[in-house]
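Okay, so here's the structure we're looking at.
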Amino acid sequence: MEKLTDQILHDVIKPRPEHSFKGTFGKVTLVGGNRNFGGAIIMAATASVCAGAGLVTVCTDQSNSGALHSQLPEAMFADFTNDTQVASLVTAATTVVVGPGLGDDDQGLHILKNVFAHTTIQQNVVVDGSAITLMAQEQLTAPRGNIIYTPHEMEWQRLSGIKIADQTPDRNRAARDKLDATVVLKKHHTEIYAKEQTYQLTIGTPAQAVGGMGDTLAGMVGGFVAEFHQTPLKAVLAAVYAHSAIAEQLAKNQYIVLPHQISRALPTFMKKMEAAPDEHHIGFLD
Ligand SMILES: NC(=O)C1=CN([C@@H]2O[C@H](COP(=O)(O)OP(=O)(O)OC[C@H]3O[C@@H](n4cnc5c(N)ncnc54)[C@H](OP(=O)(O)O)[C@@H]3O)[C@@H](O)[C@H]2O)[C@@H](O)CC1
Ligand SMILES: Nc1ncnc2c1ncn2[C@@H]1O[C@H](COP(=O)(O)OP(=O)(O)O)[C@@H](O)[C@H]1O
Ligand SMILES: [Mg+2]
């Protein structure tokens, strides 16, 4: 297993090209956030915007529209019960993030099937939270695209059939190979199972054990693969690393880290990382 270091941040986060516009940095469509879990998709969308995705649209329950715009005016809103509109927003995206707060009821299943029917082979598709649970429960076929699953250990148990206690690297890899996707298995020292290699995070803190932390990671992964689309796997690895590096930094002075604080720290953090390693200070947020 290859241990990730902060080198991955320097490999991925480069100064933006002068000749660019918002379209250069990808279009992310996020789908999730039912009446009860609006916060999940708002946190994910905040992470995508703060990571630098060019254009971000959120398909969610109508009741979340005001909260979304008050938190994140940069994001556009669509009602996730409007199948036609969701289908066209999914098709128009370069990256789709589906699942945070979607819910695993009939409404969530209907929306997920619509999303899965409209992804394309060129897209990155981040499948998180309720979308993983629904896929497992309903034995749904994976959609078209470069699929990135971001399960916690219980979601991985549901998707892979491997009980948490039995989730060894060998078994996890065999399950990944069957899925033929990238799997970000979230836990203390998250493991990333990619086609050729397995990577491990050696940073991260229990201060991250807070609801919404994974929703934020899903949005960050979506934002990074949209923006750094030339190197999608490295973008996933950099997002996973940055998420915990920022959390560790905040946890020096905080007992717990709020997920949205990680997102809000991203622009400053990424500015430091665009420089060569010897040009930045060790304290990312100093
Ligand atoms: N503010 C919001 O809107 C928020 C909305 N959210 C949204 O809610 C939806 C459901 O997601 P979920 O993760 O909360 O529930 P689920 O998939 O049932 O898993 C929990 C079960 O698994 C077990 N478990 C065992 N190991 C585990 C592990 N390592 N990590 C985690 N759990 C582990 C765990 O055990 P227990 O805690 O009971 O001991 C429990 O029995 C999803 O769409 C998500 O995006 C949340 O993000 C919160 C903030
Ligand atoms: N003790 C811990 N040490 C390091 N990271 C943790 C710890 N507990 C949780 N995390 C991280 O927090 C996130 C939790 O994801 P998830 O369970 O999906 O949260 P949610 O669905 O509530 O947003 C993952 O990125 C995981 O790696
Ligand atoms: Mg989650």
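Just so you know, the numbers here start at 1 and follow the chain as drawn.
Glycine residues also receive a Cβ, built from the backbone N, Cα and C atoms like all the rest.
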Looking at AMP binding as recorded in TrEMBL, which candidate out of Gly211, Gly212, Gly214 goes with Lys186, Lys187, His188, His189, Thr190? Gly214
Candidate from Ala40, Ala275 that TrEMBL assigns to the same (6S)-NADPHX site as Gly101, His152, Asp215: Ala40
For the binding-site residues Gly101, His189, Thr190, which sit with their CB under 6 angstroms from an atom of ligand 2? Thr190
Which number gives the other C-beta atoms within 10 angstroms of the C-beta of Thr190 (AMP binding site), all protein chains shown included? 22
Do you know offhand how many angstrom separate Thr190 (AMP binding site) and Gly101 ((6S)-NADPHX binding site) by C-alpha? 21
